[in-house]
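**Q** For reference, the structure I am asking about is given below.
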Amino acid sequence: AAQEAAVRAQAEAVRRLKQDKADPDEIAKEVAKLLEMKAQLGGDEGKPKFVLKTPKGTRDYGPKQMAIRERVFSAIISCFKRHGAEVIDTPVFELKETLTGKYGEDSKLIYDLKDQGGELLSLRYDLTVPFARYLAMNKITNIKRYHIAKVYRRDNPAMTRGRYREFYQCDFDIAGQFDPMIPDAECLKIVHEILSDLQLGDFVIKVNDRRILDGMFAVCGVPDSKFRTICSSVDKLDKVPWEEVRSEMVGEKGLSPEAADRIGEYVQLHGGLDLIERLLQDPKLSQNKLAKEGLGDMKLLFEYLTLFGITGKISFDLSLARGLDYYTGVIFEAVLLQQENEHVEELVGVGSVAGGGRYDGLVGMFDPKGRKVPCVGVSIGIERIFSILEQRLEASEEKIRTTETQVLVASAQKKLLEERLKLISELWDAGIKAEMLYKKNPKLLNQLQYCEDTGIPLVAIVGEQELKDGVVKLRIVATREEVNIRRESLVEEIRRRTSQP
């Protein structure tokens, strides 16, 4: 009885949370607790005490969600192909040592697999390190490729914001020795094209350079050994104010307050070509070889981006640090700006939707002779983009089609199953996307209703009279207009009526 009372109390708690529109993650946690309590309660019929749920940080995708995902993937892939990329794939797990030491402080998020026969393996954390391994292993020095696949991170997921433990990455990379900043500018153009195409709202692409950061740390008095750890503090500036970052640098990471203040003067700057020119004249920065190189390349990059006509959305931002250890030059991150509309609360904190940069040393880490292959690439944050589109769709209540069926093959009278099967087979063989109801004698009204419910635009009706006359009655679902079409012209007519303008 006590257990039953506890279950009732938990169910009431879940109901209240839903009523108060609490954080979906909190609701999910409480629902899981309720299911577990129910499972323990119902153990007396010898049923296993087993909760049906997906693992933490993962989710299922139903037909509606997959329809949105496919739309997004198709926009991204067509952009990658437009820029001349080939496609590759690599295994979902790698040797553990392949991934070790490539991700800095994030290495603790790698999923290690149990030893299953002599090889220590880990699930891939991103698609960049496997790509570098692939280049070194196959002695490839020149390729432009894209790769879309799932990666795994033992993170604390915030699923409402599109952060998962298993998720897709969409990567585009250019490997090879080329003149400076031309491939880098193309990567930024690709991000601009994809985000404009998906119509996610206003965005800005922040750009910086690892060499400018390292040069800045040097002239501000950061010891070499602290570069990477201070870098990861600076990287938090898009989420927390400067005061907090400063106290982390000084309090936790042992940086002198003077050095932290000097860094503060730089990392709060952002702008365009004018800022680059100003920093090139900066007495301290211009004395540093690395920073000078980085600023020179940044100026060149902005000249190319001006020719591409996209500088309106690009911001040179000295606080951008990107946490990964392998970047060596230009780094960038695309951020969605606050939406000024009625769905504001749903789009808060979506943040970064694409990121990337130059990593010239990564392939050399795998090559036995240390041969370097310069690389620059971009990763599109598909899950976050999908999160936004999914929320937007729910808010708009727009109906989304989950199939691409062009025509339903229907019959007006009984005993015409054979004729429907013959006709649908003709249509399938001609490449038409067609369906029929799996009943011998379905009512015409039920068949038409099915089209209304699923958004099928056309119905091909066979009846006794039509069969005698050698025609098929084609009904246009939206207007309810019906026309008789010669059987031999039906395929052409369906194609004409369903082809996209």
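Cβ from N, Cα, C; glycine included.
So TrEMBL says this about it:
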| type | residues | note |
| --- | --- | --- |
| DOMAIN | 1-55 | domain 'WHEP-TRS' |
| DOMAIN | 57-389 | domain 'Aminoacyl-transfer RNA synthetases class-II family profile' |
| BINDING | ASP126, LEU127, THR128, ARG153, GLN169, ASP173, ARG322, TYR326, TYR327 | L-histidine binding site |
**Q** Mean pLDDT for the domain 'Aminoacyl-transfer RNA synthetases class-II family profile' (57-389), rounded to an integer?
**A** 89
**Q** Taking every protein chain in this structure into account, which of the binding-site residues ASP126, THR128, GLN169 has the most other Cβ atoms within 10 Å of its Cβ?
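**A** Top count of Cβ atoms within 10 Å goes to THR128.
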**Q** So if I measure Cβ to Cβ from ARG322 (L-histidine binding site) and keep only same-chain residues at least 6 apart in sequence, which ones fall under 8 Å?
**A** ASP235, ILE331, GLU333, GLY355, GLY357
**Q** What residues, ordered by sequence, lie under 8 A Cβ-to-Cβ from TYR327 (L-histidine binding site) and sit at least six positions away in the same chain?
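**A** Listed in sequence order: ARG210, GLY357, ARG358, TYR359.
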**Q** May I have the DSSP-based helix, strand and coil counts for the residues of the domain 'WHEP-TRS' (1-55)?
**A** 40 helix, 0 strand, 15 coil
**Q** Record lists ASP126, LEU127, THR128, ARG153, GLN169, ASP173, ARG322, TYR326, TYR327 as binding L-histidine; longest Cα-Cα distance in Å?
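**A** Pairwise Cα check on ASP126, LEU127, THR128, ARG153, GLN169, ASP173, ARG322, TYR326, TYR327 gives a maximum of 21 Å.
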